[in-house]
Each structure stands twice: as structure tokens, then as C-alpha cells.
Amino acid sequence: MIADVSKSDKIVVEKSTVPVKTAEAIEKILTHNSKGIKFQILSNPEFLAEGTAIKDLFNPDRVLIGGRETPEGFTAVQTLKSVYAHWVPEERILTTNLWSAELSKLAANAFLAQRISSVNAMSALCEATGANIQQVAYSVGTDSRIGPKFLNASVGFGGSCFQKDILNLVYICECNGLPEVAEYWKQVIKINDYQKSRFVNRVVASMFNTVSNKKIAILGFAFKKDTGDTRETPAIDVCQGLLGDKANLSIFDPQVTEDQIQRDLSMNKFDWDHPIHLQPTSPTTVKKVSVVWDAYEATKDAHGICILTEWDEFKTLDYQKIYDNMQKPAFVFDGRNIVDADKLREIGFIVYSIGKQLDAWLKDMPAVA
């Protein structure tokens with residue numbers, strides 16, 4: 001389409017996370033349809049994060065521009081660089097060749113996801129030994145070479161990029177005859193899947209090895225706070241695991257619509273990546289799921305609560321009121337380590353926090369259902 005409508009030379013910039021060598025494919029298509037017009041392809045990967053997008057745009061850690069290592073390519077890179085230079089300091093604008101720019105984005109996301117899987121792997125060991133993952137992560141994070149960010153143990157990472165980008169990286173490694181490297185990055189996803197199933201097993205095992213026909217409140221469905229995005233959210237796998245044991249779920253998320261939740265729970269993996277009209281319509285089979293607009297409504301008469309997104313409002317709920325309206329024994333499974341477990345225990349809850357010492361009650365229950 002760009003080739004069809006272009007009347008003069010163009011610089012084409014790819015922004016989204018794409019498989020390495022996409023720029024080459026774009027270049028070939030444009031060149032074959034060029035009618036004498038010259039095209040330069042640049043890769044300018046997007047580094048802003050949901051929830052902080054505007055801040056990331058105005059004050060980026062770095063802007064990355066990759067282009068061909070030819071005089072024309074260099075000129076194109078400088079042209080885009082001059083646009084960013086209006087508000088980004090020159091030293092933060094990095095220029096590389098095309099492949100480096102495309103691969104840097106995949107590598108950055110793989111490293112971030114790897115940190116989460118590393119701390120989540122340690123959280124399982126902390127539970128087994130009686131250590132506290134928050135203390136361990138804090139100690140590790142004070143090492144300036146490691147740094148404190150992205151070291152929160154949780155029920156798992158989500159979002160549209162991490163898993164897709166790592167699988168992309170794995171695929172590129174396999175295509176280039178590097179099975180060992182591919183295997184290494186696969187482990188990051190394997191640990192993430194393990195963490196989600198471990199959480200479900202804890203819930204089921206704690207509640208007398210069955211959640212069949214028990215009401216479980218799910219607080220939070222988005223993959224992180226301050227966004228309504230549910231792509232690849234760990235909540236999907238946790239909910240499906242509980243539904244597999246015939247639990248009745250009552251879900252509350254301040255940002256996610258009922259339609260979205262029902263769609264997510266009835267869709268196959270990665271179906272969200274298809275256009276809406278090609279996605280399966282929400283079947284009514286999800287009768288065991290109700291979506292409510294209030295945390296107190298979700299938890300009323302519930303046997304247990306799973307906190308799956310770290311929304312700030314979940315920290316300040318009236319847990320005494322919630323406890324009074326729940327079935328006993330009342331369980332809280334904190335998948336984000338955001339509640340004060342000791343305070344909740346004083347109220348009467350049996351609490352499971354990821355990577356922390358287990359309640360006597362939980363110790364007596366098998367870790368795997």
C-alpha cells in the first residue's frame with residue numbers, strides 16, 4: 001500500500017516488536033513495487049510500558065534507531081534522530097544496524113522476563129525452606145550490578161510481549177541452528193507456567209484438595225495494575241485451573257469488562273491476536289463464572305480469595321468486613337504479595353503469600369494437588 005501511494009522517496013519506520021528481519025521483508029516488497037522511488041527502512045522499536053506510556057515517551061531510557069549501513073541508510077537514521085532530538089538528549093538516542101535494533105527489543109524483554117522467572121523460581125525454594133522472598137529479593141537487589149527493579153515474586157508475568165518475544169527469540173535461535181540457546185530461553189516461559197500451576201495447586205490443596213462448587217473470589221484480572229489489558233494475564237491460567245476442578249468464580253477487576261473476561265476464559269491461547277470478528281464468540285458455557293463490580297460482592301459467601309493483580313485499592317479493602325461475610329475457614333491466596341499477611345491472620349484468615357513462610361495449616365497440606 002505504501003508503494004502504491006508514494007510519489008516521492010520515503011523513510012519507512014517499523015515501531016512494533018517484530019520478528020528479526022521483518023525490515024528486510026518490508027524492504028523487498030517496497031523495492032519490487034518501487035516504480036523508481038527509493039525507500040529506506042528503519043527499525044525504531046517501542047520501549048514504552050502500559051500504565052506509564054506518556055512518562056516513558058517524554059523521558060525514555062533510550063531511543064533506538066536501526067538502519068542500513070549505507071550512506072542513504074545513515075541519512076535516514078539522522079533524519080529520524082533529528083525528530084527525537086527535539087525532546088530527547090542526544091546521548092540517549094542510540095543508532096545501530098537494522099538487525100541489532102530488532103534484536104535489542106527482543107533481548108530487552110527476554111532479560112526482563114528472565115528476572116521475573118528467576119525470582120519466581122526462588123520463591124518456590126523460599127516456601128520450601130521457610131525463607132522470605134521479599135527479604136531475599138531486597139538483599140539481592142541492593143547489589144548495584146543487579147539493581148532492585150523487576151524482582152517482585154508473583155503468580156507469574158503476563159502481557160502481550162514477554163511470552164511472544166521470547167518464543168520469537170527461541171524460534172530465531174532454532175532457525176539459526178542454536179538449539180542450546182533456544183532451550184535456555186524456553187526455561188523462562190516454563191518457570192512462568194510452573195508458577196501459575198503451583199499457585200492453583202496451593203489453592204486446591206489448601207481447601208481440602210477440592211474447590212468443586214466452592215465460590216472463589218478472584219480480585220484482579222488484568223496482567224498488571226493501572227491497565228485493562230488482559231493479554232496473556234496469569235489470571236487466565238489460574239481461573240482455568242480452578243474451573244477445571246469445577247470451582248465457582250466471582251471475578252472483580254476495576255478496569256476489565258465482563259465481556260473481555262468471558263472471552264479470555266473461553267479462548268484458545270493466542271486467539272486474542274486475531275481480529276475481533278475472527279475470535280470465537282463468548283460461549284455461555286462459562287456459567288461458573290460471574291463478573292461483579294465490587295470486591296465486597298465478589299468475596300461475599302466465598303470460601304477463598306485469590307489476588308491476581310496488584311491494584312492499589314486491594315491493599316486498603318476492609319478485610320474484617322470481607323472476613324465476616326465469607327465461609328469459614330476463610331482463605332486468602334495473595335498472588336502479588338500486596339496484603340499484610342500478619343494482619344489478615346489476626347482477623348482469622350488462613351493466608352498464602354508467594355515465597356513466604358507457610359501457615360501451619362498449609363504446611364500440613366501437600367504442595368501439589
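The backbone N, Cα and C atoms fix where each Cβ goes, glycine too.
Quick look at what TrEMBL annotates:
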BINDING   Thr17, Glu50, Lys164, Arg231  NAD(+) binding site
BINDING   Phe47, Leu48, Ala49, Glu50, Lys105, Phe150, Leu151, Asn152, Ala153, Ser154, Gly158, Lys224  substrate binding site
ACT_SITE  Cys161  active site, nucleophile
DOMAIN    217-341  domain 'UDP-glucose/GDP-mannose dehydrogenase C-terminal'
>> If you count other CB atoms within 10 A of each CB, which of Lys105, Lys164, Arg231 wins among these binding-site residues?
In response: Lys105
> If you measure Ala49 (substrate binding site) to Lys164 (NAD(+) binding site) at Cα, how many Å is it?
Replying inline: 16
>> Give the mean pLDDT for the domain 'UDP-glucose/GDP-mannose dehydrogenase C-terminal' (217-341) on the 0 to 100 scale.
In response: 90
>> Roughly how many Å lie between the Cα atoms of Lys164 (NAD(+) binding site) and Gly158 (substrate binding site), rounded to a whole value?
In response: 10
> Just how many other Cβ atoms lie inside 10 Å of the Cβ on Glu50 (NAD(+) binding site)?
Replying inline: 17
>> Can you tell me which of the recorded positions Thr17, Glu50, Cys161 is spatially closest to Lys105 (substrate binding site)? Compare CA atoms only.
In response: Thr17
> In the structure shown, which of the binding-site residues Ala49, Leu151, Ala153 has the fewest Cβ neighbours within 10 Å?
Replying inline: Ala49
> Taking the residues the record says bind NAD(+) (Thr17, Glu50, Lys164, Arg231), how far apart in Å are the two Cα atoms that sit farthest from each other?
Replying inline: 16
> What is the nearest of the binding-site residues Leu151, Ala153, Gly158 to Arg231 (NAD(+) binding site), using the Cα of each?
Replying inline: Gly158
>> Using the Cβ center of Thr17, Glu50, Lys164, Arg231 as the NAD(+) site position, which other residues in that chain lie within 8 Å, going by their Cβ?
In response: Gly159, Ser160, Cys161, Phe162, Asp165, Glu232
